[in-house]
Amino acid sequence: MGDRPAVRISAAITPVQQMLASGTGAVLTSLFVTPLDVVKIRLQAQQTPLFQAIAAESRPWFRVTRPSKWKCFLYCNGLMDHVYVCQNMSSCSNLYKTSTHFSGTLDAFVKITHNEGLRSLWSGLPPTLVMAVPATVIYFTCYDQLRDFLCYSMGYHGDHIPLIAGGLARLGAVSVISPLELVRTKMQSRRLQYSELMVCIRSSVAQDGWLSLWRGWGPTVLRDVPFSALYWFNYELVKAQLCEHYRTPQASFTISFTAGAVSGAIAAVLTLPFDVVKTRRQIQLGEMEALGAVSMKKPSSTWNMMRNIWIDMGYKGLFAGFLPRVIKVAPACAVMISTYEFGKTFFQERNLHQARCGL
């Protein structure tokens with residue numbers, strides 16, 4: 001890259017076309033990654049039983065008061081992590097069945113497909129896409145718009161531009177989606193109707209203020225913003241080097257796929273400690289939403305939690321799950337960015353063709 005301005009592919013397409021390209025990429029990425037995560041969850045389910053807990057009536061709108069079985073776990077569709085709260089195995093039975101014993105990942109794929117049908121590998125996908133697709137559309141469109149603004153309107157060029165644009169774009173997407181994810185967790189854990197939702201939100205805001213809607217925002221930002229900054233920095237760098245190596249002015253699908261996988265793997269490894277902390281925080285917040293805030297102590301701060309992990313397990317604790325994260329993140333990034341770039345190229349060629357026909 002150096003001080004060379006990048007080819008402005010996005011200049012020939014509209015923001016709406018960027019949104020369509022990123023939305024398509026988001027759906028395809030989710031279709032590809034979701035089976036991997038469903039299998040992971042099912043393998044975890046046979047090792048970790050649901051825990052017993054008493055649901056405390058700590059809010060006027062929190063109606064569950066009887067002893068109940070709860071389990072909070074993370075579900076990822078390749079774009080976002082979502083907290084799922086299981087209540088007596090009923091609210092997420094398709095995701096968390098444990099009737100069949102699995103000896104490993106491949107065995108789980110075969111048995112789930114054979115016993116429950118192919119569709120069961122995509123259990124839980126539609127509800128998560130409701131937020132994952134808008135978040136991805138905001139994120140990728142904002143990145144292109146910010147990068148082009150810095151490069152072509154402000155006149156800045158250099159390797160730091162993707163770093164800045166990627167971090168700011170992710171910060172904006174996380175800030176918009178974070179309250180919606182908290183609301184979704186409340187609705188799921190408490191079986192709230194839409195008519196009850198505003199009462200729930202007003203009660204939460206009255207007690208803890210408007211910032212309570214962004215509970216869990218900090219750990220998400222600490223993981224996702226550095227990840228995005230590193231991802232776009234490495235992606236643009238690797239893509240430019242591959243284009244130079246193959247002497248092509250515009251990245252092909254293969255080049256975008258390769259650059260996406262490499263940059264995704266690098267960013268995943270470097271931000272793994274924040275991912276470990278964020279996972280723990282999300283589980284704690286999910287349990288708090290399910291059981292009532294009064295019944296559980298407030299979760300530790302991000303830095304305290306990271307320090308405790310370091311004291312208890314050392315660097316191995318902070319880099320736990322290294323291989324599974326890379327295996328999941330690298331292909332997800334590759335599929336998403338290559339589909340997005342392909343979509344942008346398609347719209348660019350379409351717009352150029354229409355412009356020529358209009359002359």
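Glycine is treated like the rest: Cβ placed from N, Cα and C.
Model, not experiment: these values are computed from the prediction.
Residues or ranges marked as topological domain 'Mitochondrial intermembrane' by Swiss-Prot on the basis of a curator's inference: 1-18 (among others).
Mean pLDDT across the repeat 'Solcar 1' (13-149) comes to 72 in this model. Sequence annotations record features per position, and here Swiss-Prot assigns repeat 'Solcar 1' to 13-149.
Within the chain, the transmembrane segment (19-39) has long-range Cβ neighbours (under 8 A, six or more residues past its boundaries) at 13, 75-79, 95, 105, 108-109, 112, 120-125, 128-129, 132-133, 136-137, 139-141, 327-328, 331-332, 335-337, 339-340, 342-344, 346-347. According to Swiss-Prot, the transmembrane segment annotation covers 19-39 (among others), on the basis of sequence analysis.
Residues or ranges marked as topological domain 'Mitochondrial matrix' in Swiss-Prot (evidence: a curator's inference): 40-119 (among others).
According to Swiss-Prot, the [2Fe-2S] cluster binding site annotation covers Cys72, Cys76, Cys86, Cys92, on the basis of similarity to another entry.
Residues or ranges marked as transmembrane segment by Swiss-Prot on the basis of sequence analysis: 120-140 (among others).
Residues annotated as topological domain 'Mitochondrial intermembrane' in Swiss-Prot: 141-162 (among others).
The annotation transmembrane segment is assigned in Swiss-Prot to 163-183 (among others).
Under the heading topological domain 'Mitochondrial matrix', Swiss-Prot lists 184-212 (among others), citing a curator's inference as support.
Positions annotated as transmembrane segment by Swiss-Prot: 213-233 (among others). Using a Cβ-Cβ cut-off under 8 Å and counting only residues 6 or more beyond its ends in the same chain, the transmembrane segment (213-233) has close neighbours at 139, 143, 159-160, 162-167, 169-171, 174-175, 178-179, 181-183, 201, 204-205, 263-264, 266-268, 270-271, 274-275, 277-278, 281-282, 285, 302, 333.
Feature annotation from Swiss-Prot assigns topological domain 'Mitochondrial intermembrane' to 234-253 (among others); the stated evidence is a curator's inference.
Per Swiss-Prot, repeat 'Solcar 3' is recorded for 251-346. DSSP labels the residues of the repeat 'Solcar 3' (251-346) in these numbers: 82 helix, 0 strand, 14 coil.
For 254-274 (among others), the entry in Swiss-Prot reads transmembrane segment, with the evidence type sequence analysis. If one looks beyond the transmembrane segment (254-274) by at least 6 residues along the same chain, the residues whose Cβ comes under 8 Å of a Cβ in the stretch are 219, 222-223, 226-228, 230-235, 237-239, 242-243, 246, 248, 302, 306, 318-319, 321-322, 325-326, 329-338, 341-342.
Swiss-Prot lists 275-316 (among others) with the feature topological domain 'Mitochondrial matrix'.
The feature transmembrane segment is assigned by Swiss-Prot to 317-337 (among others), with sequence analysis given as support.
Taken from Swiss-Prot, the feature topological domain 'Mitochondrial intermembrane' covers 338-359 (among others).
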